[in-house]
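Undergrad: Annotations for this protein, taken from Swiss-Prot, read as follows:
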COMPBIAS  389-456  compositional bias 'Low complexity'
CARBOHYD  ASN41  N-linked glycosylation site
CARBOHYD  ASN179  N-linked glycosylation site
CARBOHYD  ASN393  N-linked glycosylation site
CARBOHYD  ASN535  N-linked glycosylation site
REGION    300-358  region 'Disordered'
REGION    389-458  region 'Disordered'
TOPO_DOM  1-18  topological domain 'Cytoplasmic'
TOPO_DOM  39-635  topological domain 'Extracellular'
TRANSMEM  19-38  transmembrane segment
Amino acid sequence: MNINTLIINFNKVKRMKNFLILTLLVVMVVVFLQGPTLMINNSGQGMGHNVEKIKLEPHVKIQRENLERKKIPPKQDFTDGLHASFTTIPFYYKANGIINQNTNKLYRNYQITIVTQTTVDRLSKVSMMAEKWKAPLSVAVFIKDSENPKAEIEKLEKHIENDYPALSYYSDIHILISNKTRYPVNNLRNLAIEHSRTDLVFIMDADFLPPLGLHDYILSQKYYFNIKPSNQHYFKNNLLNFYHKKPLNNNDNNNDYNNNPSKIPYDQIIDYSTNINTDSEFNNINYNMENLNENEYLKNINNNNNNNDNNYNNNNNNNNNNNNNNNNNNNNNNNNNNNNNNNNNNNNNNNNNNNNIDNNIDNKIDNIDNNIDNNNNIDNINNNNNINNIDNNNSNYNDNNNNNNNNNNNNNNNNNNNNNNNNNNNNNNNNNNNNNNNNNNNNNNNNNNNNNNNNNEPLKVAFVIPSFSSHIPPSQHPNNKMDMIDLVKSSKIEPSNSRVCKKCHSPTNFEKWMDAVEPYEVEYKWIFEPYLVFNKTQNIPFDERLKGYGFDKNSHAFSMAVEGFHFVVLPDSFIIHVNHSPSTWEGPSLDEQQWDALRVVCEIIPDVKIKNGYNPNVVLFNEPLPNECFSDHHW
């Protein structure tokens, strides 16, 4: 064997050694990487805690993100504004076209007020809203210059008197002066709601426009606010069969929540203010109002309002006379029946009293049926006629409602008269019989009163007005559902926030809305932020801790859901957001303001639950629990 052969063999051994070492390293790496998985797969129940740990990794990730985010303190303007108070001037300007200045009452049968808030430089948008709405508005205007508010208020007066006739005609203007905070959106909303001239309020933002005739269409559906357990079966096709969440028991342990350390102060703040760029069409509005001369249009409205008022008053007087005649006839009949009862024995008297009660109950049921029949007639009218031709129908509906209320009152009076007459007539019987009859009457009255208190309280209902957005000019916005659907199908109009926050409006169920002909209830889910019509006497105020950008409508809708509101979508209604170039903001970025607002929301959610008897650590509407709230994973 020569030297060359030895060298070749040595190199082969060396290469083999290197190959073996490399192979060993690869095997070690594979075993290291696959080891935990193999252990879990082979260990069964014995490694269950490891499996659980892996499943909880996203949850742990959220908690870590929460902790990291919470370490970032809010800006100083947030904390400084938490306890700020504001100077307000309600009714700084009163609507000059729809209000009788002598009586301070509405001329026409307006029953719904748009409630909105704005700044002086965005009044043109609210004026266009008034031109389309043609009904009362309650507008809270934010005066940004707290050191020299007079100059900005003078500018406001000039705009109202000279530039925006529709705004001055329909709008009550309330002023809120800045206190160097972020934009106090919910303070402004509450100011406008408090001073609205009607109990029914429609929450709107200044960038939205309604179609013509929306006020009267909503008014035609007003009977949904009178749904009670006694007549709820008439609406079985419109309402969901909600199960009632179980309230918090006194024995439930809330220590986990009550021991949460961090409670932020009560108020918070933001600034929509300044340098908002608006589209040219908003700033150059055609005020001819449906191609009519403005003065001629307002004159026609006044004449129509006066005629409507006179007709409405005459109808009311006639109804009162009819009711009085009916009452007299009923009283005579009751007296005759009572006289006949005197000849009967004690058992017959009791039977007659029971029959009277049964008749009264039947009368009340008949009145409910009449209400429903009248309302169905209105539905037929709406389906056959244009949305703008409902004024007379609304008046008839309101008269019918008044008649029904009067009938109910008359029936109640007749009940009392029957009882009194029975008591007087029964004096001819012996003392024992009188006592028995009186006791029976009193017991029956008490039972009826208890039933009325338990059964006749209306459900809490809020109308959802479907919200859309578009880049098309406001002059091309549709005024009826058919045209609206065509524009949606052509992608010129789309549901609000469909690309950035699907959860914000998806509960509206836009696909169902396209085909719907009757109102339908939708199930609330966090983080729904609908534009709502509701009765302000049933509702809690907007939370004024929320100032600035973020969660102001979402949190309020959640509070309404917890308080038991039913959200009913009106099928022929819609509003359209007028998309415009991005606005510039003073102060923190929108992202920072949103995270600051979330600090408040994470208190609102459990607080509202506790207030209404629910466990704050139990999910009701897909909302985040306290330990997961400060995160963007739920929105």
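Here the Cβ of each residue, glycine as well, is placed from N, Cα and C on the backbone.
Not measured: the values here are computed from a predicted model.
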Undergrad: Including all protein chains shown, what's the count of other C-beta atoms within 10 A of the C-beta of ASN179 (N-linked glycosylation site)?
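TA: A count of 15.
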Undergrad: At a 10 Å cut-off from the C-beta of ASN535 (N-linked glycosylation site), count the other C-beta atoms across all protein chains.
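TA: Total other Cβ atoms inside 10 Å, all chains included: 15.
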Undergrad: Roughly how many Å separate the Cα of ASN179 (N-linked glycosylation site) from that of ASN535 (N-linked glycosylation site), to the nearest whole number?
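TA: ASN535 (N-linked glycosylation site) has its Cα 30 Å from the Cα of ASN179 (N-linked glycosylation site).
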Undergrad: For ASN179 (N-linked glycosylation site), which of the three DSSP-derived states applies: helix, strand, or coil?
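TA: Note: ASN179 (N-linked glycosylation site) is coil by DSSP, not helix or strand.
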